[in-house]
Amino acid sequence: MVWCCRVLLRKYGNFVDNLRIYVKGGTGGMGLPRLGGQGGNGGDVCLLAKKGVTLKNIKDKYPHKRFIGGVGVNSSVRALKGLAGEVCQVEVPPGIVITNEHGVKIGELDKEGDEIRVARGGHGGIFKTDFLPSKGQTRVIHLDLKLISDVGLVGFPNAGKSSLLGKISHAKPQVADYAFTTVKPELGKIMYPDYKQVSVADLPGLIEGAHYNRGMGHKFLKHIERTKQLLFVVDIAGFQLSAITPCRSAFETVQLLILELQLYKEELLDKPAVLAVNKMDLPNADEKLGELLKQLENPTGNLHSLPDELVPERQIEFKHIVPVSAATGQGLEDLIGCIRKTIDEQADVQIQELAQERLQSLHKETPRTVKRNFQTSPRHKHH
């Protein structure tokens, strides 16, 4: 049985994992024929990988998504060799693949400090060109965040993520009845009858305070950025890391997971999300599930059990809430279907957005018809 969120259609546009931008190198400067002066070259457009930057930052800061290098300085009597135009440097997140409009790969930026030129500036005017400059290189490029998987499993240690991954995919992760079994991302693939494949990553379990880089905090959260959607996995019986830590209910567990993502990078909450309530084979699981669903219908009214500092500012609207048991196989087919549905919906929205962007760019590039009013000369007047 599957409970769907009341919001039937969710906007997917807030988290950005690909971006289409226009880049143009600067035009070169004019040469000076009478003195043989050389114009300055136009500025290049370069991409620089920098931690902390996201594609959403770029989209918000530069809504026009146009980046143009500076124009080269003309040659003059005072400076026969003109200065080069200013380089337009665009900061992007590490882990980016750059392709042209036809999908041909231009390059990659894997780590902070990596840099690549994506548009060359034009040459300044010299004797060989009759001292006339050339225009800079113009192109439309795509920035794609390299994804480690389509789906990332999010949950506290021992929630059953590894067991779940093993049952819904062909992965064989290490499984044991103790926390922190997973210490690095484990990848699996869900195979569908129409040969569609969806990759799923079992990521190291979070702990409270992961955003402070406790446990494997930042390593885990960094991988979460590189997934298309999130699959929250919670134990219906709740979670307790150790005998000296508080015992959290399933509802509190969901809230704490949301909080960790929010405090690390709030836009992660804009990713499409599915909630799998695991271990439904345990005693009294159905009663606890009913209570959890009521709490999720009105989360803000059920946060009194958590201290103020552990209450998230935002909530996630789960596309689907699916009760499952990795041990018995209960609900796994429903979960697999919900994952596919959410992936397909997200792809449809992205295709529509890309088509709309291309139409808008074509509209801007279409030359406008200039209307002129011609006055009839006296000799053409009819008598």
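The backbone N, Cα and C atoms fix where each Cβ goes, glycine too.
Here is what Swiss-Prot says about this protein:
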type    : residues                  : note
BINDING : 155-162, 202-206, 278-281 : GTP binding site
DOMAIN  : 13-148                    : domain 'Obg'
DOMAIN  : 149-344                   : domain 'OBG-type G'
REGION  : 360-383                   : region 'Disordered'
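Swiss-Prot feature annotations superimposed on the structure.
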{"residue": "Gly155", "record": "GTP binding site", "Cβ neighbours (10 Å)": "26"}
{"residue": "Asn158", "record": "GTP binding site", "Cβ neighbours (10 Å)": "19"}
{"residue": "Lys161", "record": "GTP binding site", "Cβ neighbours (10 Å)": "31"}
{"residue": "Leu203", "record": "GTP binding site", "Cβ neighbours (10 Å)": "24"}
{"residue": "Met280", "record": "GTP binding site", "Cβ neighbours (10 Å)": "20"}
(request) On the DSSP side of things, how many residues of the domain 'Obg' (13-148) fall into helix, strand and coil, could you say? (result) 13 helix, 47 strand, 76 coil
